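K.L.:
Shown below is the structure under consideration.
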Amino acid sequence: GDILDDYLRTDGVWILTRNKQSYKTNNERECAEKCEAERNFSCRAFLFTRKKLQCLTLAENAKMSVMFASTDAVLYEKRIYLLECKRGIGKDYRGTEAKTWRGIPCQKWAEEIPHKPNYTPQKHPNAGLEENYCRNPDGDENGPWCYTTDPATRYDYCNIPECEDQITHTGEVECMRCNGEDYHGEVSRTESGLQCQHWDAQEPHMHGFTPKHYPEKDLKMNYCRNPDGELRPWCFTTSPTKRWEYCKIPRCTTRPSVSDPGSQCLSGKGEDYRGRIAITESGNACQHWNTQFPHKHGWIPDRYPCKGLEENYCRNPDGEKRPWCYTINRSVRWEYCTIPPCDGTEQELAGMNNVRIEVPLTEECYRGKGQSYRGTTSITASGKKCQAWNSMFPHRHEKTPDKFPDADLRDNYCRNPDGDNSPWCFTTDPNTLWEYCNLKKCDDHSQE
């Protein structure tokens, strides 16, 4: 597999760390190779900056150090150091639990008081004997342990939960179809092993995704869900330092039975339209969904396997008014398509042709200050989720769709209604009122 598969990627963040090494590399993979080969310390993570092509290998990760926003940086953290659960007997456990199952603090592996250890960092350099974290250097069948700070107890075992193997109560492996919008399983840990916060709880993270506000999204217990059209199911975590994270749920290998091949005409917003019209209402031919020319975009067929993004056919993957497509005309990013209504009349069809074409969508970049940006990004530069513009929770504000009717303040998409430097949003983090979004400026020359 790819060397980067062993790392968890977070865009737009930087962490403060004392112990680091700087290298010049051309890309993230080369930086990962530097991290793997690091001999000055145990490399837990690395930072890569796209503009300067700077690579920093780090001895610490976001669990151990302060994290803050930095637009150009990408943080890659080794997954093994983020896991707070054990696999099997936990010989490769590298989490930060540092007390026994009885609650007694662990003694540092490098110290000799109150107990003189047989297992030390010098004797076992590859066993991860750092600080006073629970480890299993001798392959004990009972799992990770540590020397204790109690003179009367030389060592004891730690209470490390098992990593979920995603087995349901019925004994079947849980899996998800599409992007997991209809996932109703019981996985309740994130991909790094953190326990999920209950959806009806507001600690440690306050948020607006409550069962009361989203009754149709099945926000039960603390199970992973996808209520907002993310790439896959996620949850808020019980760790105060990690607001939310994706869950690791495998894709179902068996294809769903094709009972509904999709509609060949327009009903509702046309989200189920699977016809073969591939021309816009003004006569522009559609761009193929799996290409990025002449327009770059985020609707990549592999990412959204159930949206019907085949060839260059008109589709409605994002709940627009009706099916649309990117065009092969450089000066027209996208347009609606004219799809015959399933039970419509000629008058209805003529009326549809007169609908005013509004602003573009699904853009991955913005021009100028981004006041014309109409994409669907809803993540800030530091990775926080955006608050919906028509919501007053957790932040009360004046930037409502009613007061800014021309700013397209839909859902929780990043926008710039007030002429700020770039698109932004209020965040769902009660401690952060607003932040700029995780967007970059368009390369205007290539667009033109």
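Glycine is treated like the rest: Cβ placed from N, Cα and C.
Per TrEMBL, the features are:
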DOMAIN    1-80  domain 'Apple'
DOMAIN    84-163  domain 'Kringle'
DOMAIN    174-252  domain 'Kringle'
DISULFID  CYS175-CYS252  disulfide bond
DISULFID  CYS196-CYS235  disulfide bond
DISULFID  CYS224-CYS247  disulfide bond
DOMAIN    264-342  domain 'Kringle'
DISULFID  CYS265-CYS342  disulfide bond
DISULFID  CYS286-CYS325  disulfide bond
DISULFID  CYS314-CYS337  disulfide bond
DOMAIN    364-442  domain 'Kringle'
DISULFID  CYS365-CYS442  disulfide bond
DISULFID  CYS386-CYS425  disulfide bond
DISULFID  CYS414-CYS437  disulfide bond
K.L.:
Could you measure between CYS386 (disulfide bond) and CYS414 (disulfide bond) for me? Cα positions, answer in whole angstrom.
P.N.:
7
K.L.:
Spell out yes or no: are there three or more C-beta pairs under 8 angstroms between the domain 'Kringle' (364-442) and the domain 'Kringle' (84-163), with each pair 6 or more apart in sequence?
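P.N.:
Counting Cβ pairs under 8 Å (6 or more apart in sequence), the domain 'Kringle' (364-442) does not reach the domain 'Kringle' (84-163), since there are fewer than 3.
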K.L.:
When you measure from the Cβ of CYS252 (disulfide bond), which residues in the chain that are at least 6 apart have a Cβ under 8 Å away?
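P.N.:
Listed in sequence order: CYS175, MET176, ARG177.
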K.L.:
Within 10 Å of CYS314 (disulfide bond) (Cα to Cα), which of the disulfide-bonded residues CYS196, CYS265, CYS286, CYS342 do you find?
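P.N.:
Those near CYS314 (disulfide bond) - Cα within 10 Å - are CYS286, in sequence order.
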K.L.:
Just name the most isolated of the disulfide-bonded residues CYS175, CYS247, CYS337, CYS425, going by other Cβ atoms within 10 Å of its Cβ.
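P.N.:
Counting other Cβ atoms within 10 Å of each of the disulfide-bonded residues CYS175, CYS247, CYS337, CYS425 gives the minimum at CYS175.
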K.L.:
Let's see if you can do this one: DSSP helix, strand and coil counts over the domain 'Kringle' (174-252), in that order.
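P.N.:
Across the domain 'Kringle' (174-252), DSSP assigns the residues as follows: 3 helix, 13 strand, 63 coil.
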K.L.:
With DSSP as the yardstick, break the domain 'Apple' (1-80) down into helix, strand and coil residue counts.
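P.N.:
DSSP composition of the domain 'Apple' (1-80): 16 helix, 36 strand, 28 coil.
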K.L.:
Roughly how many angstrom lie between the C-alpha atoms of CYS414 (disulfide bond) and CYS224 (disulfide bond)?
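P.N.:
That separation, Cα to Cα, works out to 24 Å.
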K.L.:
If I take the alpha carbons of CYS342 (disulfide bond) and CYS247 (disulfide bond), what is the distance between them in whole Å?
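P.N.:
Rounded to a whole number, the Cα-Cα distance is 39 Å.
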K.L.:
So if I draw a 10 Å sphere around the Cβ of CYS437 (disulfide bond), how many other Cβ atoms end up inside it?
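P.N.:
Here the count is 27.
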K.L.:
Could you give the number of helix, strand and coil residues in the domain 'Kringle' (84-163) as assigned by DSSP?
P.N.:
0 helix, 13 strand, 67 coil
